[in-house]
Each structure stands twice: as structure tokens, then as C-alpha cells.
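**Student:** Supplied in C-alpha cells, the structure appears directly below.
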Amino acid sequence: MEEQKENIQTKDLNVQMSKAKEDEKEKAGTRKSPDGESDPPVSPSQPNSDFSHPVYKEIALANGHINRMSKRELQVKLAELKLDTRGVKDVMKKRLKSHYRKQKLMQSAAEGGPTDTYYDYICVVDFEATCEEDNPSDFLHEIIEFPMVLINTHTLQIVDTFQSYVKPELNPKLSDFCVTLTGITQEMVDEADPFPEVLQRVVTWLQERDLGTKHKYAILTDGSWDMSKFLNIQCRVSRIRYPQFAKKWINIRKSYGNFYKLPRSQTKLSTMLEKLGMKYEGRPHCGLDDSRNIARIAVRMLQDGCQLRVNERMHAGQLLSVPSSAPVEGAPPPHNPGSRD
């Protein structure tokens, strides 16, 4: 659904991006950490001690040395450390910096110093939805595939998947364009359950894995559209409330661009894979295959030392940015949302 997502007009879906104010707040107090990443602003009432620990001076010295290395030197060093040598120079540089950062912080944590962890699991979601070749401005996209891919952030492995097709309600007959794009046939959706029943199975699947209770977790998507548009519209169509567990998520495009210092034009799924020296596996626009490939990118980013954290949320039907100064919280325990009626 990547092209379809790009073409959706926010104003026609009654979902607005209220980002400017959040970004202004973020920029006002933002400063740089030793590895060049933006970090949470410090309140005037708090001691300026986030990076006063000696471990960060060691990290900064290592980063300076890495910045002066040639591409060949980076490849040799990565190979020596048995790390991935694929990717463009900036990606390799980031990978090596992150390796040293992780090693130093692990040593520091053992000695009671700073640590570098957020969630136990990350759950990747990439919906497929009804579409036309030229979607009219008032077209309501209905979810027709609900996939999930679960990443264990400690083992850095994909450990489980969920997939269900969904029967659309407003436009039960799929367009030829939609069938060709997604590979989802009319028979598949005709035999599927309506969205509320599929969502109940999703909730049960999450509950059975103790997510939000025993394990801290977060939802991750490829862009803002899945949660702010597709799920938002679907909940209105199905006359159910927006599920609480999906109100905050990690937009991997933002995280990828910020971490590797790349422009938004280089954060499409195919480009992200290419920049990391990876190839797409499976069928493009199959929701489960898209989710698996997004998960592969997330795993690589975690391996490279990226601290994936929630950066977007829904509030009162609006899409908002989550500033890096916000407390890091996992998604709440999943429950079935109530009816809107």
C-alpha cells in the first residue's frame, strides 16, 4: 500500500498533523549527545547530568576517531568485529559507533551506570486496504489485511506473526486495481470475518503473549498512515472506538531518517532496505511480507544501536508527534474497544 499511502490527502480524512508546536517544543531545549543524536531537553530545574557520566566521554572519543575513517577502513574494522559490512559509508559509520556505544553502556550498566533499553517487544503492523487506481477525495479505505510481526528486542529475532484477511463493509467488491496491487482476491475477503471480529482475535493474540502485562511493548509502522488513517477510518466505519493499545506507535521512517541522517525522500521501504544493503523478501504489497521486511529494517537498526521509541500518537482524532522529551512508555495491555453507539 506504499504508493496508496503516499497519495492519501490528510484533509479529506479529517486527520490533521499537528506537528509544528510539538517540534518547536522539541527544538527549544534540544542538545546533542556524544554520538551526535538529538536527546531530550533538560529542564532548568534539573541538573545537567544526562551525559556527565565518564562513559560518554569515552564514547565521544571513539566517535571522533570513527568520523575520520575511510570507507575501506570502516569495512575492515566492521569485518574484524564480525559486524555487517554492507551499506553506504554513513550507515557503516553509524553501525561502528553504535557497536562501541553499546559495548561501553553494557559495561557501564554492569557497574551501575547508564543503560540503553526501552521495550521487550516491538510489534510491526502494515495494513492493506481497499483502493482504486485514482482514489476519489472522499474514498474511505477499509482494512482488508491485518498482519503483525513480533520482534524480541533482546534476541533481535522475529519470533511470531499474525495474519488475517478482513471483509470490507462499505465497498465489499474489490477493484481490479486493488486485487492486482495486493494479491488479495475477492474470495479471500468474502470468506473473511468483519473487522471487529478480526480485531478481537488480534487482542487475544497480543494477550496470549503477555504484551502490556509481563512484557513491555510498542507498535511500529512504516509511516503514519496505518494508525492515523486506515485504523482511524476503519473504527469509524465499524462503529467501534479506537483501540487504546494502538494510540501510540513508532514511525520507523522518522526513526530511520533521524538515526542515519537521511532525508525523508530516502525513507521509503524499498530505499531503506537498499541503503542497508538488503533486498525485499516476498511479495510487495502483501501486508505480512511488507511487515516482515519492515521488521528486518527495525532489527538492523537495533543492531546498529538505534533506540527505537514511540514518536507519534493519536489524540482526539488528530495525529501528533511525540517529542523525545516525553517519558518512554510501553503500549497499554490490549483490550477490545467498546462500541461507538
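Placement of Cβ uses the backbone N, Cα and C atoms for every residue, glycine included.
Feature table excerpt (TrEMBL):
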COMPBIAS  19-35  compositional bias 'Basic and acidic residues'
COMPBIAS  330-341  compositional bias 'Pro residues'
DOMAIN    66-100  domain 'SAP'
DOMAIN    121-307  domain 'Exonuclease'
REGION    1-52  region 'Disordered'
REGION    321-341  region 'Disordered'
**Student:** Going by DSSP, how much of the compositional bias 'Pro residues' (330-341) is helix, how much is strand and how much is coil, in residues?
**Tutor:** 0 helix, 1 strand, 11 coil
**Student:** Take every residue in the domain 'Exonuclease' (121-307), average their pLDDT values, and give the whole-number result.
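**Tutor:** Per the prediction, mean pLDDT sits at 96 for the domain 'Exonuclease' (121-307).
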**Student:** May I ask for the residues of the chain that lie six or more residues beyond the domain 'SAP' (66-100) and have a Cβ under 8 Å from a Cβ within it?
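**Tutor:** Answer is 35, 59, 259-262, 275-278, 300, 303-306.
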